[in-house]
Amino acid sequence: MEDFVRQCFNPMIVELAEKAMKEYGEDPKIETNKFAAICTHLEVCFMYSDFHFIDERGESIIVEPGDPNALLKHRFEIIEGRDRTVAWTVVNSICNTTGVEKPKFLPDLYDYKENRFIEIGVTRREVHIYYLEKANKIKSEKTHIHIFSFTGEEMATKADYTLDEESRARIKTRLFTIRQEMASRGLWDSFRQSERGEETIEERFEITGAMRRLADQSLPPNFSSLENFRAYVDGFEPNGCIEGKLSQMSKEVNARIEPFLKTTPRPLRLPDGPPCSQRSKFLLMDALKLSIEDPSHEGEGIPLYDAIKCMKTFFGWKEPNIVKPHEKGINPNYLLAWKQVLAELQDIENGEKIPKTKNMKKTSQLKWALGENMAPEKVDFEDCKDVSDLKQYDSDEPEPRSLASWIQSEFNKACELTDSSWIELDEIGEDIAPIEHIASMRRNYFTAEVSHCRATEYIMKGVYINTALLNASCAAMDDFQLIPMISKCRTREGRRKTNLYGFIVKGRSHLRNDTDVVNFVSMEFSLTDPRLEPHKWEKYCVLEIGDMLLRTAIGQVSRPMFLYVRTNGTSKIKMKWGMEMRRCLLQSLQQIESMIEAESSVKEKDVTKEFFENKSETWPIGESPKGVEEGSIGKVCRTLLAKSVFNSLYASPQLEGFSAESRKLLLIVQALRDNLEPGTFDLGGLYEAIEECLINDPWVLLNASWFNSFLTHALK
């Protein structure tokens, strides 16, 4: 369609149409039907006015090109196709000189003979429907409406067609030709169906009474009336010279617009310092599961029963000892806490009946680990407002940390496939309407690509842990409840599987506000030796608790089993979001859908099936120091999902700030790649705002390093 438009219409018309679309942020390459419609409308407006003049007696005459009388006055003033500001200026000056009522919308033409504005319509639908829409929109008796259709029909206000028969026939013939040309190229059907109803762009509401008085009172300084302010706003040209506009707005602003060139941007400065450490609420790639297949034991589905059953599958327990202490903590307490969990689980087994929940004894080690009695006493402000040296705690600035390689490994692992399926097909909601047939097809394809993904395991694990912790926090506020960390999946053969990752012990949880914190101690199984990357485990105390026999290609090998223990905390609002982690599936599905939509609109048919089934095609996944990484559509789905999941797992104010500020720089760089000649002011301030968020958060630091790779490749 785009090629057709460029061949079929005069280059000046094409250029005006492109400019008009850009002004409203639309892309002629994507919205090709709209591009064709705008060109057609422009051409009809120009043909309407061509060859029509007014002679000395004020009569309308037709003068063919090349006629010596061409110095006569044009009968029509063309308003359509002009810059908005210029167009309003023309309209205002016509109204001032002729006394005609000012229209609410920009009309297309002014007729000097009949002294009226004209609104031209070109429709692919019924002329009378379109006529009514136009009339409804402009609500003005004074503006004359004239509608043409591609089938040769026309309709005008009071059946007054303004022009002679021959001039109108020229327009109808041209429209018919355009239609035939489109049809012969197979473009007509899509063009005909794409017409929407009238779009209201620039209506001027009349404000009266009290609202009018309020409007006059609430104007910015230096404006005497609402009219005066409106005229100023209308004259504000969106693509004009920004410096001048800024200085008009305020005397204090002096912005120099600097052109943004390939050589302008510098890489983001990542902080120096010790390597960053793991801060997720549970272990990710380092987690180890004790699992039971096809669970059918008594009380199956009750977490404590499931946990005990999983613990019994392992026989390699040994006397625990500390292999990597926590720098600041009392490490023997972590060791005692684990021993207490083992002992209390043993007590349950020795008992008559297994209870549904287990509250731990409030031992000194657990009180210490859960920060019991550590919170400063709260005092009523009334009792202490007279204290002379009342002040807020001094809090230390966070220590800057450098990017460590482990976070990229975590991300890569999250994109990988596991040998189990973590979601059923219905995790993403059901169809409601027939239109959703395509949607459910897309959803099923997408689910097939991500159901086995490790990021999906993290979602289900996060949902489970947060739900269990929030429940316990509300149901057993004063108790140190033992909460197993469990997930469920299906094997490749479709057998159900229940997995135990470890345990959480919850502290006191009188959570009145969304941000009130509940402390918990997490104890998680792992085969990762913490001494390989001690910086990653700074916040953990790691115990060696057993030996596990693993089947490998060379036979069975024994590997030490570790327990990662740490004190952590969360809040009602964080748990609420954690319970909603399935939204990550939806977010990444929507990103994939927009890719499919873009492809479908280029091909002018739905390409969902080809998109997922054409295994040979590769898609851009992301930037790395090597360049743009590409992969299969499944890999794209899993990468987008992993990004969304990590945004949830590593949510933080640093991430919020970095995402918002770096996006501005990203848009400027993309504008440069699209040859839009972007300009900036205070680019230094933008860099400062971005880099202020690069402190110590592993996920933010990784995103910043990806951003630098993007800058390098984007500007080559």
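Glycine residues also receive a Cβ, built from the backbone N, Cα and C atoms like all the rest.
Swiss-Prot has this to say about the protein:
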BINDING   His41, Asp108, Glu119, Ile120  Mn(2+) 1 binding site
BINDING   Glu80, Asp108  Mn(2+) 2 binding site
MOTIF     124-139  motif 'Nuclear localization signal 1 (NLS1)'
MOTIF     184-247  motif 'Nuclear localization signal 2 (NLS2)'
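Note: the motif 'Nuclear localization signal 1 (NLS1)' (124-139) comprises 12 helix, 0 strand, 4 coil (DSSP; helix = H, G, I, strand = E, B).
Recorded residues His41 (Mn(2+) 1 binding site) and Glu80 (Mn(2+) 2 binding site) have their alpha carbons 9 Å apart, per Cα-Cα distance.
Under DSSP, Ile120 (Mn(2+) 1 binding site) is assigned to a strand (E or B) in the three-state scheme.
Highest Cβ count within 10 Å among the binding-site residues Glu80, Asp108, Glu119: Asp108. Less than 8 angstroms from the CB of Ile120 (Mn(2+) 1 binding site) sit His41, Val44, Cys45, Tyr48, Glu80, Asp108, Leu109, His146, Ile147, Phe148, each of them six or more residues away in the same chain.
His41 (Mn(2+) 1 binding site) carries a helical DSSP state (H, G or I). The Mn(2+) 1 site, placed at the center of the C-beta atoms of His41, Asp108, Glu119, Ile120, has further neighbours from the same chain whose C-beta lies within 8 angstroms: Val44, Cys45, Glu80, Pro107, Leu109, Ile118, Gly121, Val122, His146. In the three-state DSSP scheme, Glu80 (Mn(2+) 2 binding site) falls into the coil class. For His41 (Mn(2+) 1 binding site), the count of additional Cβ atoms within 10 Å of its Cβ stands at 21 [all protein chains shown].
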